[in-house]
Each structure stands twice: as structure tokens, then as C-alpha cells.
Amino acid sequence: MVRVATITWAIYGAALAASATAVPDVQSILDLIRALQQAVDCDSCHASLAPLQTLAKRGDETFVGAITNICTIFQIEDADVCAGAIKDQAPILAHDLRHIDVWGETATKMCDAVFGLCQPPPVNELRMQFPKSAPEIPQVFKSTGRPPFRVAHFSDVHIDRQYTVGAEVNCTKPICCRHYEDQKEKKGQRIKVQARRHGERNCDSPASLADSMLIAVQEAASDAMFSLFTGDVAEAAVWLLDKTEVRKDMQEFNHQMAARLGFPVFGVIGNHDSAPVNNFPRSTTESPDVQWVFDVQSQGWRKWINSTSAYQMVHTSGSYSTVVPGTKLKIMSINTNYWYKQNFWLYDNDEPQADPNGILAFIIAELQAAEDAGQRVWVIGHSPVGKGDIMWDQSNYYDQIVQRYKNTIAGQFFGHTHADELQIAYSDYKNRTAANAVSVGLVAPALTPRSGNPAFKVYDVDPDTYEVMDAKSYFADMTHPTFRHTPSWALFYSARAAYGPLLNLPSSASLSPAFWHNLTELMVRNDTLFDEYQSRKNGGVRRRRCRGECKEKTICQMMSMRSEDDCVSVLFTSMTGSGGG
Ligand SMILES: *[C@@H]1O[C@H](CO)[C@@H](O)[C@H](O)[C@H]1NC(C)=O
Ligand SMILES: *[C@@H]1O[C@H](CO)[C@@H](O)[C@H](O)[C@H]1NC(C)=O
Ligand SMILES: *[C@@H]1O[C@H](CO)[C@@H](O)[C@H](O)[C@H]1NC(C)=O
Ligand SMILES: *[C@@H]1O[C@H](CO)[C@@H](O)[C@H](O)[C@H]1NC(C)=O
Ligand SMILES: *[C@@H]1O[C@H](CO)[C@@H](O)[C@H](O)[C@H]1NC(C)=O
């Protein structure tokens, strides 16, 4: 989760303000406070945008100054975190506010994403148009029983190159284990908990942990045909990051992967793979560009995806496709950031955009070409498209594409949530049955210890159908006695071994959407099974007990590839954090 909370709380803090003397423009701040005090529901959120808009019209500096002061005065975060995060994100919100009607639909979406006070507006109904209708007799992909090949999948590495052994673990910032400027002033103070080698739970991954994982990936999947990396290279100290550092972070990890892995990596662009974080302005916005992200990654990945795909990536806002040599499998890497609610550039226009930057059009064209060529496709992306932090409209349109090309899509792979989990698409969301399950997205756990034990996955894949036969999860137990010396990675569980027998899965059958659907049905009835699934999400780190509404929502979230059906109640999700990122 991004430090959006910082801004949100800053604005909420304003509502509590007794004195506004420290902020630049007293009258507009007083108006703002009056309005925000009443912002408790969607209508009042809209109303409170008016004084914010007035402030924004006075210029970015005034806007940033006011909100930073409020954040600092109310000690919502440390002063440096307030200043850094707000300097980066608030100008985007100010830009938005100068361009929209505070009572319009875009404002409602902003009140959902930024303040958690509105439900998203209903989906703007749109029937997606396809070049051809689905073939009457779909091509059949049949296994000939040849042995499976292997694919590794890792995600959300969040490498902190400034991780310092001996630095404070128990700090006051969103991530710790580094020497922060303002903590040097308190040098006299003794460090309470010293960061150890290879990582701590309050901190992002040291480079040594990333290296250790890549070695383990190479060992666990030495014969892998390729690997998937579903994004987020940079650390979560987002208030300190700039373009130079994020570029360097991405380049260094590209070198690290190339040095350690003996097979290609197919990557995606995560929301942290830009600076400021989530900074992906649409092509309709005149703004600081984000092209450098696509340039850096296409340069770094060119040797794996070939020059044609690297060119495509630069010209398709970071999306590309590539056919795995010697196969009929097309990897389609999609940039999900133009659908991501915390990308504040999405709120700078009242005109709804069905397909920002043409990502959906790209997906349709690639899928149609694959269908025509008799290929199968794996979609890879950062944010699972059915999650509550994806725009309802684009999630719905994407789901329509999945329905149309369900026969061509053999798998979908995501990251972002930092959890080993999945989501299923159905042909009828009012009637979610095994027969109606059409596709499944598998989500990889994270490397960063912030969300649990570091973990990655290895798939066994049928070489004729390109369907996943098994998903094995590997992890490094941070409490293991040797972890501080050399992390040891071990098989955590095999999905086929854990769930297959419970569902009488025939040995030749893949882990199909119907299989995963049947697992959800079994979990509804079997609490032990559900608890096992839950504990597998974060490499076995203990979770809070989840029953009743918690359990229902968790299972519901598995059963949707449309955010409108994700069972997330919007209220306050943007503050409590909707998972990874
Ligand atoms: C970590 O910091 C918190 C708040 O400052 C304090 O309550 C807690 O005791 C500290 N934990 C350790 C292990 O020092
Ligand atoms: C790159 O791979 C694609 C298939 O994905 C192929 O059509 C194209 O010719 C290749 N380009 C080069 C320069 O090898
Ligand atoms: C639900 O879908 C199943 C197919 O899985 C079908 O047999 C059944 O009639 C459907 N029920 C409703 C109410 O549409
Ligand atoms: C799912 O369960 C249904 C109903 O029990 C069964 O008919 C079907 O074969 C199962 N599908 C898979 C893939 O396990
Ligand atoms: C419930 O799940 C547990 C754990 O996977 C399994 O051992 C047990 O047999 C299941 N019970 C039933 C009734 O299926």
C-alpha cells in the first residue's frame, strides 16, 4: 500500500484542526476545515472538494504547503515522510481538482480512491467489440502426456539497496532498517532492535535476500523454460524515491536476474516501478512523462523478449507480447497501472475514458492474433484485475475480453497483493459454478519480508496445452536458525498434492478454473482446509483467525475477476490498505 494514507489522514487531520495559523492561506484553510469536518459520506466528500479545488487553483505550492503543514502539525507521519509523500502526490491531486467538476463522476471516483467515502459509480456499460466472434468450434488443445516443463514465478521484490545491518528495526517510518537523516540527529540514542542480515519483518528486502532468492529459483527450477516477474522492484520508502533511484533500482535488479538465472525472465511494470510511485499519466494528459520507465525496462529485458517485443513495449505504454521460442505459447505482459485506483492521474478529466492508453485494444489485438495462429496465451500483469483497487469499468471490460478469448487464454499470473492466492473468472457472476468458471489468475507471493516469509512459485506446465499441472511454492523461513547466515529455501507446499486428493483430481487433469472453483466450495464447508489455504498465503506466518464475514469475503474475492463483484466494502479501504502494492 502506498502512503496515500498520509495524504488522506492529512486532510482528515485538517478536520480536527483547532488552529490554522501555520498554513499559508488562512481563509481558504478555514473553509477547507469547515467542509472537511462534515465529510463523512459521499455527498459531503463532494462538498469538501470545493474548498480543496479553491486551494488547488492558487497553485501547487500553496496546495502542497497547506497539506504538508497539516500532516506535520498533526504528526500523521514523521515530518520527512509528510513532506516527501505530499510533495510527490499532492500536485497530481491539485492538477486533477483544477480540471474536474467537484460534483461529477470523476470526483466520485476520487472520493472512493483517496478518501474512501464513496462507492464507485456503477460500471459505464460498454459492450466490447471484437474483430471476430468466437469460433463456433473452438480449437481443442489436448495433452499428449509428455512430461511438463517448468516455469518460475517471483514478484514484489521491493529491494532496499540502503538496507543497513545494525540500523533500527523498530523505527517510526513506514519501512525501517536504514539510517534515516532525522534519526542521525538522535545519534546519542541507542538502537533498540538492530537489523540483522537478510531481512526483517518491518523492512524491505536487502539485496542479499534478492540474490539468495534468485539462486534458489535457479536451483528449484534449473531446467525452467522461462520465469515470470510480476513487478515492483523499488522499496516502499516512496517519500524518498526519485526517478534516478528507481531507474537505478530497476537496472540493478535486471543485472542481478541476468547474472543468476539461466533462463529468460518475462517481466511486467508494477505500480512501484515509477517515480513518484503510481505515476502513470495517461496519454491525454500533458505532464511529466513516464516513458523513461518503459525505455529502461525494454532495454533491460530486450535480451529475453527480443527486439521486436522491446520496441512494442516502448510504444504500447509498457505492454508487450512475445512467443516463447519453440512453443505455441504467447506471453502477453500488460501494464495494469492505467486501471489502478491509486494512480491519481486517472482523475484529471470528466470525460470517461474506456481504454486509457489503448491497453485493452492491445490485449484484444494480441488475443485475436493468437487465436488465428492457433496459439495459447498467458496473461501476465502486476495488479490482479479483479481486485477492489482496480477501476470497476476497466475490470469489467477486461473480464469481457477474458470471456471472449477463454479458449485461448491458458493462464493468468499476477503479483501486487504480496499473497499466494488466486481469482476466478465466471461466465455468469450471478451463478458461479464449476461449469461457469472460465479462467483463473494465479497470484505470486512477495519476496519482501514485510508481508510474510519470502516466497516464490514454480509451475509444472503441460507442453501441449500450456495449462498449469502443479503450482509449488518455495519459501525461506526467517525463524530458521541458519537464516541469518545463509537463508535456506525449501518447498512449502504443492497445490496438487495439497488439494488434488480432496477433489479427486485425475492425474492427467490440469489445475483448471473448475478445479479451483471446486476448492472454494470445499473451503466453504471445511474450516481446516480454509485455514490451511490462509496460512499458505504468506509463507506460513500466523494470521488472525478468519471466520464469518471475514471468511465469506475471502472466498468471495477468490471467486471474481471483476472488481465490482469483489465483495470489498469501499469505506476506508484506502486508509487501512487493501494489501500489497
Ligand atoms: C518498538 O517501538 C514501540 C513504540 O515506540 C515500543 O512500544 C516497543 O516497545 C518497541 N519494541 C521494541 C522491541 O523495542
Ligand atoms: C521476436 O519474436 C517474435 C515472436 O514473438 C517474432 O515474430 C519476431 O520476428 C522476433 N523478432 C526478432 C528481431 O527476432
Ligand atoms: C447455473 O449454471 C449452471 C451451469 O453450471 C446451469 O446448469 C444452471 O441452470 C444455471 N442456473 C441458473 C439459475 O442460471
Ligand atoms: C467440480 O465439481 C463438480 C461437482 O462435484 C464435478 O462434476 C466436476 O468434475 C469437478 N471438476 C473438477 C475439475 O474437479
Ligand atoms: C478438510 O480439510 C482437511 C485439510 O485439508 C482434510 O484433512 C480433511 O480431510 C477435510 N475434511 C473433509 C471432510 O473433507
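Any Cβ shown, glycine's included, is placed from N, Cα and C.
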Which residue of D78, D80, D232, D348 does TrEMBL report at the same Zn(2+) 1 site as D156, H158, H418?
D232
Name the residue, out of H198, H416, that TrEMBL lists for the same Zn(2+) 2 site as D232, N271, H382, please.
H416
C118, C203: which one closes the disulfide with C177 in TrEMBL?
C203
Please name the cysteine among C71, C82, C118 that TrEMBL pairs with C42 through a disulfide bond.
C118
Among C42, C171, C203, these being the disulfide-bonded residues, pick the one whose CA is nearest to that of H418 (Zn(2+) 1 binding site).
C203
Other than its own, how many Cβ atoms are within 10 Å of the Cβ belonging to H158 (Zn(2+) 1 binding site)?
28
So what pLDDT does the domain 'Calcineurin-like phosphoesterase' (149-419) average out to?
95
Distance, D156 (Zn(2+) 1 binding site) to C171 (disulfide bond) (CA atoms, angstrom):
22
Out of C42, C71, which of the disulfide-bonded residues has the smallest number of neighbouring Cβ atoms within 10 Å?
C42
Round to the nearest Å and give the CA-to-CA distance linking C71 (disulfide bond) with C176 (disulfide bond).
20
Rounded to the nearest Å - Cα separation of C546 (disulfide bond) and C177 (disulfide bond):
31
Rank aside, I only need the closest one: which of the recorded positions C42, C203, D232 has its C-alpha nearest to that of C550 (disulfide bond)?
C42
